[in-house]
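Now, the feature entries from Swiss-Prot:
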CARBOHYD  ASN67  N-linked glycosylation site
CARBOHYD  ASN231  N-linked glycosylation site
CARBOHYD  ASN269  N-linked glycosylation site
TOPO_DOM  1-5  topological domain 'Cytoplasmic'
TOPO_DOM  27-466  topological domain 'Lumenal'
TRANSMEM  6-26  transmembrane segment
Amino acid sequence: MEQSNFVNMKLSLVPTLLLLLVLLVFYQHHSSPNLNSNALSSFVDATSLAPSPSPSLSMEFSVASSNLSTISSPPENKGNKRNIIEEGLAKSRSAIREAVRLKKFVSDKEETFVPRGAVYRNAFAFHQSHIEMEKKFKVWVYREGETPLVHMGPMNNIYSIEGQFMDEIETGMSPFAANNPEEAHAFLLPVSVANIVHYLYRPLVTYSREQLHKVFLDYVDVVAHKYPYWNRSLGADHFYVSCHDWAPDVSGSNPELMKNLIRVLCNANTSEGFMPQRDVSIPEINIPGGHLGPPRLSRSSGHDRPILAFFAGGSHGYIRRILLQHWKDKDEEVQVHEYLAKNKDYFKLMATARFCLCPSGYEVASPRVVAAINLGCVPVIISDHYALPFSDVLDWTKFTIHVPSKKIPEIKTILKSISWRRYRVLQRRVLQVQRHFVINRPSQPFDMLRMLLHSVWLRRLNLRLP
């Protein structure tokens, strides 16, 4: 009899235990950060700020989802400042939605530049979003670590945007630098991939990423255990910036830990794990010593450009090898050279061409894109898996030509088929987007550094923390 009562008691507990289990799962689901909330698509229609289709990928704007982290669970601490931040972001979403609906912006200061035209996916959404960013966005730079591996990056040559951005945000003069982490919307991991490779891989006797992984993982481990911010969002409001070819490999050190981290990269190769919904594509720019970028030509008509297309560069990667094989020194109109004579000026030749060929090298990005835009030359993107920079807001089909690698033999036919009128429209639009591909120090609204920040801002808008 006693045994029967005991069995009945155990059976009666089963529904209670099941209910507790359901409640536990419900709580865990709602207490984790909402990393898959299509916040942007919910307040702006799909044609506004959603990333563009790249040549090989249709992109939708949503942060990668995640329920688990290899770090400890987020602490239960919903402070007033955090609520204020989330409320401010909600108001920004509403303002952007209204700008799209009413087709006008709202600003509490005079706007010196108003984005308009076909080069923007939705000029009203972009403009209002930029206004909201200028008013609110704050980035906290972790103080841990020492130079040269942390808090310092190259300021010149092709990796320079890494150092320029880090220097801009860390000098204390940037209006986007948070005074304390509690007021920050996003968190910069100021680790320099370029400097890690430069200082720890000399002499270069191995291509193993082990040392790179160790430095980056150690840094994340320190800040994740010292502060609550990484664990709170599972890294989804954290980012790093790098133009080095090895930069995408950082996430390979611990894919589970890094799966929400925003990677701001020049090497935005969708065939190698770049995720436009989460990651940010930035331009590669070659900054010579004593300058902030390549020469700039603000006005030039096609009549001043006798060369149909121009390229000069080494045989780096399979796309360039195909290009040189078909066109090297073979055509007066499509001028393709592996090396230029010493008496030839590279930038002057670009400035006398209507179209500038921008093939991928060993990696997808090329500084020729920025150089071409600054020189008023219509870029011809020759790449198969390149997620183009700032595609959240810029419609690259309106001011560039894309040629997949399989059509390299047809380049002349493709370019000759473009009417004079169509070319002039493309070139005028190239001149229109120049401001977005210029580095200023200090940075200015809508320039390259602000566009980088705006890309991170959009991904933070798309994230709702509990």
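Placed from the backbone N, Cα and C atoms, the Cβ positions cover glycine too.
Remember, predicted model here, so these are calculated numbers, not experimental data.
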### Message
Neighbour count, 10 Å Cβ-Cβ cut-off, for ASN231 (N-linked glycosylation site): what number do you get?
### Response
16
### Task
Whole-number Å only: compute the distance from the Cα of ASN231 (N-linked glycosylation site) to the Cα of ASN269 (N-linked glycosylation site).
28
### Summary
A correct count of other C-beta atoms within 10 Å of the C-beta of ASN269 (N-linked glycosylation site) gives 19
### Summary
Averaged over the topological domain 'Lumenal' (27-466), the pLDDT of the predicted model comes to 89
### Task
Would you mind pulling the DSSP three-state label for ASN231 (N-linked glycosylation site)?
helix
